């Protein structure tokens, strides 16, 4: 061509830089008789893509006209090179900053480990879009702050909308990146929609991102929180370049599901791989020991971290150790540990002791723990409920009434117990004695059938868990209306014969329901996973994964 126009010349410049031919691109750019802002920006980006930051800055300074893209391109270039101060200087001088410029800074801060700066900038942004959220969420996750990322994602409300946007992206041929997958998988987790999570997992496999560490970590957490620990382990094994978040997530996940031995095995593998455990690792290990009844191993871990890792010890570790001792029946030792802590115990430490007192029906120790809790948090509903339930189990109905009156006068509201099942993307929630579900008559009919079957195998209701002062027959009726049983009844009539069932519950499953669900799993020949406020229970063939220790 004797005189190619500016558009064609710009296309050639871009083509040269994309193939690493920066010298040819610069030669052609110098020969161009006419240049517009697009050609300047293309050359600028080409230099940065080829790693020539110096030439990019020279061109930027020579530009006769700059737009916001020019400024943002240079900001990105400095951030990718780790020259954060230069990027900050440009950002301060940039006229008419748009949301893309703010996003570039947030992404750059996170990429350089400057999370607090990224958070600060995020908070003062005049306008945010999906990229703003995913940049910060992805940055937090990649820098070992997965819990903070999840908290931020929850602030963002809109899980259903996130899934719809993701589906639209796929349909329109826009390829999601790692941050997108992290966000949408957290939405699946928030909705407890494992079926949607599996669909997203399939997309990740097709794009060869399943083994990516950030995507793999998000898949791992999603499966764990949705009750599928075996899938989370399978994902973990396929992650390439595992980081500390990967190891901590699988250790904590194993603990949540009562797989204490798995947690210890993964911990040993983590050490052999050369990773240094942190405070989250030890919290996961202590939780695993607590939920699996491993008293001696818990003692040894706690002794190790208090002796050799004292800088990493926090209240969470003491809470776990109190829980380990309390659940093992060592209530006196647990109480002494709380009294002799090097830091002031918070209400969560005392609640762990109070919960153990409830398990072992120790009213005296429970009253002392409750008194300490109320001195710290007079409106702690969990403490009132635990104490009231303990009194009820002991038949001390006057104390039950006194505790409830105290709650009422103090304006303390008890969290209402509920259980739910997510089926075909829809959440079906039940409360004790519920009559509002469209299929409620069929649900109660299924429960009556189960009740008769369980009596045939020797079931007798444990009326200590009917927490009202009524006749024995009424107590049994009340137990059969507990929310988790209604949710299981619904799942049984609404799902394919032989398929697994997952039920979520916001409070601790009661002892009688625990025994009933074990028996139901054997009668119907299905695995039933129940997540309560403390852990996951896997019921199968008449036994529970917790070995009746929870």
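Using N, Cα and C of the backbone, Cβ positions are placed for all residues, glycine too.
According to TrEMBL, the protein carries these features:
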- 458-550: domain 'DYW' (DOMAIN)
- 5-35: repeat 'PPR' (REPEAT)
- 36-70: repeat 'PPR' (REPEAT)
- 98-132: repeat 'PPR' (REPEAT)
- 243-277: repeat 'PPR' (REPEAT)
- 278-312: repeat 'PPR' (REPEAT)
- 314-344: repeat 'PPR' (REPEAT)
(request) Please indicate, using numbers and ranges, the residues of the same chain that are 6 or more beyond the repeat 'PPR' (314-344) and have a C-beta under 8 Å from a C-beta there. (result) 279, 282-283, 286-287, 289-290, 293-295, 298-299, 302, 305-306, 350, 352-353, 355-357, 359-360, 362, 365, 368-369, 549
(message) Please report, as numbers and ranges, the same-chain residues at least 6 past the borders of the repeat 'PPR' (36-70) whose CB is under 8 Å from any CB of it.
(response) 6, 9-10, 13-14, 16-18, 20, 22, 25-26, 29, 76-78, 80-81, 83, 94, 96-98, 100-101
(request) With DSSP as the reference, give the number of residues of the repeat 'PPR' (5-35) in helix, strand and coil. (result) 23 helix, 0 strand, 8 coil
(request) Please give the average pLDDT for the repeat 'PPR' (98-132) in this predicted model. (result) 84
